[in-house]
Amino acid sequence: MTQSPIAYLVPLSPNFEENASTPKLHLSNGHNTIGRNDISVSDKRLSRNHLSLTVTQTSSTITVEGTNPVVVVKSGNKRRRLRTGEKEEIVNDDIIELIPGNYVEMENGGPPRNFEEAIKDFVVSEDELGLTFRLLRVKELPAWANTSCVSINDVIKGDILVAILSNYMVDMDWLLSACPTIAKVPNVMVIHGEGDGTLEHMKRRKPANWILHKPRLPISFGTHHSKAMFLVYPQGVRIIVHTANLIFVDWNNKSQGLWMQDFPWKEEEPGKGCGFENDLVDYLSMLKWPEFTVKLPNLGSISINASFFKKFDYSNAVVRLIASVPGYHTGANLRKWGHMKLQSVLQECTFDNEFKRCPLVYQFSSLGSLDEKWMTELVTSMSSGYAEDKTPLGLGEPQIIWPTVEDVRCSLEGYAAGNAIPSPLKNVEKGFLKKYWAKWKASHTGRCWFLLTSSNLSKAAWGALQKNNSQLMIRSYELGVLFLPSSIKRYGSGFSCTSNGGPSMDNCGSLAGSEELRTKLVTLKWQRTSNLASKVILFPVPYELPPEPYSSEDVPWSWDRRYSKKDVYGQVWPRTVQLYTSQD
């Protein structure tokens, strides 16, 4: 006999009003399970038994069984996040939030506050685009989670004369269909890292006017891994540095990062460049692409080579470029690339005393074959710089944000997401790494510097010192942008290649009426503690910092291990594929 309900869960609409089109969930006396079969959501991470509710005539207790979505209970003005296995007593009018996902409330409740409510305030104005990085829009996330996120058509737009697209993987069919604008650009070059099989397909599918170029890889096991775009307009150039391959899943299913800034043409002939310009031209020179000639307004026929990019004014660049190129770098080139370049830039910086001994937090999608000696080498470079009291900054032990098996299993793509985290067991299970593993969670804090880069955690990407530290060996091409707290022009990033308006420019190419302003880099949930004479720049880091260390139950993901526990699509890992043959 079916038990009579003694309580209800009331579904809420995306506007946090009672959703009359969805029936209430009946709660019977005793144990009740709530999951995907009970709540209609597009988010496949919601398991079939995500929550359990023990209900009696006098009390109700919720227990979290699943990992994702996150469960938050709002009771009055208090909100508490529940982790797997945790319990919470709930009463009438309490609200249960599934983040991201739908919401349900105990009868007669009001609208819930968003768990990541701070992201609602992260709205980047057109004249401040260069000051921060953006996350790519993820199709399966709710609108609030995609605040100020971008798609490929948000960055590749306008009257583009020349486009240089740099990447590792390129799906030509997807690119042309997802971004119609790029197909109309008269001059396009794709710098890629694809193998021969994919390259043949790219040659067949590309427009006739496109040029394909794979940079030379002089050292084995290297790749062209840099992800960037260089778009030339009648007004100037747009430079975009990001972390996504030019494939569907990277631009639709993953929280990738992207930075872009527009720069005007120089008023005078190219002279001595700033740090950003010199680093950019040095890097582009190493790609050695085949020069091609285009006709540009007011310039006529001109060769597109690395030196061409000296024609733009980068004096208002708000980042520094940190690049890697393959080779054995010695002498003056020792500190030009990889982690030694990062070290040289940081050593010129002064940071607030509060950042002394703060942890280094790494997040990346691939883990190379590391050893403790090299980790110490990398940490030494990244701990460079000085505090205000003139002593070395000396950052603390690194924390490596790396997905657990449960993170992958319960992700939007289930185990399939593990294809983009290609690290074998022999790399992941090295004993010295255990003290570094961490998850995305924890308290709120500011950052002293931030690096958005294509580099994964590997010697191939960052370089390894050799010959008594007199030589740096790098295998791959990488590119990143370093954000530093520094004095910038208040409106220094306001120039736009695609906007009709914008701040006025003086004869020197700088913005009229600009002023120096100290910047402070913080994460989204940073709390102001005093009136600061500085520009606070919010970074949309998609987790709180510092991260939480692994528990004894957490297992780091490796893609060559077998996982029998089914993911949100009912699949195991590796997937089994049945082959069929026809009989004549």
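For all residues, glycine too, the Cβ spot is worked out from N, Cα and C.
Heads up, TrEMBL stuff is auto-annotated, nobody curated it.
In TrEMBL this protein carries:
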- 33-98: domain 'FHA' (DOMAIN)
- His225: active site, nucleophile (ACT_SITE)
- Lys227: substrate binding site (BINDING)
- Ser458: site 'Interaction with DNA' (SITE)
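Just so you know, the Cβ of Ser458 (site 'Interaction with DNA') picks up 23 other Cβ atoms within 10 Å once every protein chain is counted.
The Cβ of the residue listed as 'substrate binding site' lies under 8 Å from the Cβ of Ser166, Asn167, Tyr168, Val241, His242, Thr243, Ala244, Asn245, Ser454, Leu479, each of these being in the same chain and 6 or more residues away along the sequence. If you take the C-beta of His225 (active site, nucleophile) and look for same-chain residues 6 or more apart in sequence within under 8 angstroms, you find Tyr168, Gly193, Ser454, Ser455, Ala461, Ser476, Tyr477, Glu478. Here the domain 'FHA' (33-98) is broken down by DSSP into helix, strand and coil counts: 0 helix, 31 strand, 35 coil.
In this model, the domain 'FHA' (33-98) carries an average pLDDT of 78.
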